[in-house]
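Asker: Quick one: this structure, given as structure tokens, is what I'll be asking you about.
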Amino acid sequence: MQAAQQSWELENTISLIDPQRDALYRYDEETHKALSAARPWAKDPHYFKSIRISAVALIKMTMHARSGGSLEVMGLMQGYILPETFVVTDAFRLPVEGTETRVNAQEEANEYMVSYLQSCRDAGRMENAVGWYHSHPGYGCWLSGIDVTTQDMQQLGGPFVAVVIDPERTISAGKVDIGAFRTFPKDYTPPKEGNEDEDYQTIPLSKAEDFGAYAHQYYSLEVSFFKSSLDTELLSQLWNKYWVATLSQSPLFTTRDYGSRQMMDLSQKVRRAARGIESSGSRGGATTPKDQQLEKIVRDGQRIVSEEVKGLLAAEVKMKLFQGIGEGTQTGAS
């Protein structure tokens, strides 16, 4: 059980904050007011470069995203800002109407948000809402056209960050698939990226157009996680509750629908690439030494294979560990 918890923390690089330096959990009102007055992000579209998320907030968001299944979910993150950094100390879900492709915050959600934040302040927790999160079940961490519009509106009121979690890829890979983003001002044209391969991720064919149309309107922040001595105790209690499910479940069965969709999407990409090669060959076009489209397809296939192999190895290890347990008791009873 403890090994499973430590493995999860190592996979997601969650660092322990020294109890004497738990300042990340203490809201610094003076620093927050000074930054809000100076508004350095208004002059530099890339001002915010990183986001630090507490382990408990990460678990809350991940479990919420997982509970939505194939439907998108949405919530808010509480915290504060430091120079060039968002600090997220907690998160809470919103009662919103979600579909498989979008999530819409209605009037009920807005009323709930205001009421919840006021209740937190009444209880002495002065952290502000610094961002919103939502899920992309099975199609990666990026901002769609609707997400970009939502983030643009939120940034008008001050510093705000958008976080996206893919619950299906999280279960399949064994590591939280998460991304944090901020949009650029309308009158700003970002410089072209030097190496797009570094930020490459698998995008389903049905989402490729939406992804490409808005990818230049936002940038990603570096995401890291932290925990305090209190978080260590809370995580221990959570693992006491869920360690049986961790051992009994297999990603091969939990995400088999997701795996099937990934293979189907890959086959469609291969067929499209083959048609493109045939048409270029019939026109007598010159062949390029490196076909970027085919290279991406190969990388997609390698990722699917690695996740399937990882699931098979995990199942094999569990079988070796638990095979034969209980047989001696049954033999003695007979």
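Backbone N, Cα and C define each Cβ position, glycine as well.
So Swiss-Prot lists these for the protein:
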BINDING   His134, His136, Asp147  Zn(2+) binding site
DOMAIN    51-187  domain 'MPN'
REGION    273-294  region 'Disordered'
MOTIF     134-147  motif 'JAMM motif'
Asker: Provide the number of Cβ atoms within 10 Å of the Cβ of Asp147 (Zn(2+) binding site), excluding the reference atom itself.
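Answerer: I count 23 other Cβ atoms within 10 Å of it.
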Asker: Can you count helix, strand and coil residues in the motif 'JAMM motif' (134-147) using DSSP?
Answerer: 3 helix, 2 strand, 9 coil
Asker: Across the domain 'MPN' (51-187), what are the DSSP residue counts per state (helix, strand, coil)?
Answerer: 47 helix, 47 strand, 43 coil
Asker: Taking only same-chain residues 6+ apart in sequence, whose CB is under 8 Å from that of His136 (Zn(2+) binding site), what do you get?
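Answerer: Residues satisfying the criterion: Glu72, Trp142, Val164, Ile165, Asp166.
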Asker: Report the mean pLDDT of the predicted model across the motif 'JAMM motif' (134-147), rounded to a whole number.
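Answerer: Its mean pLDDT is 90.
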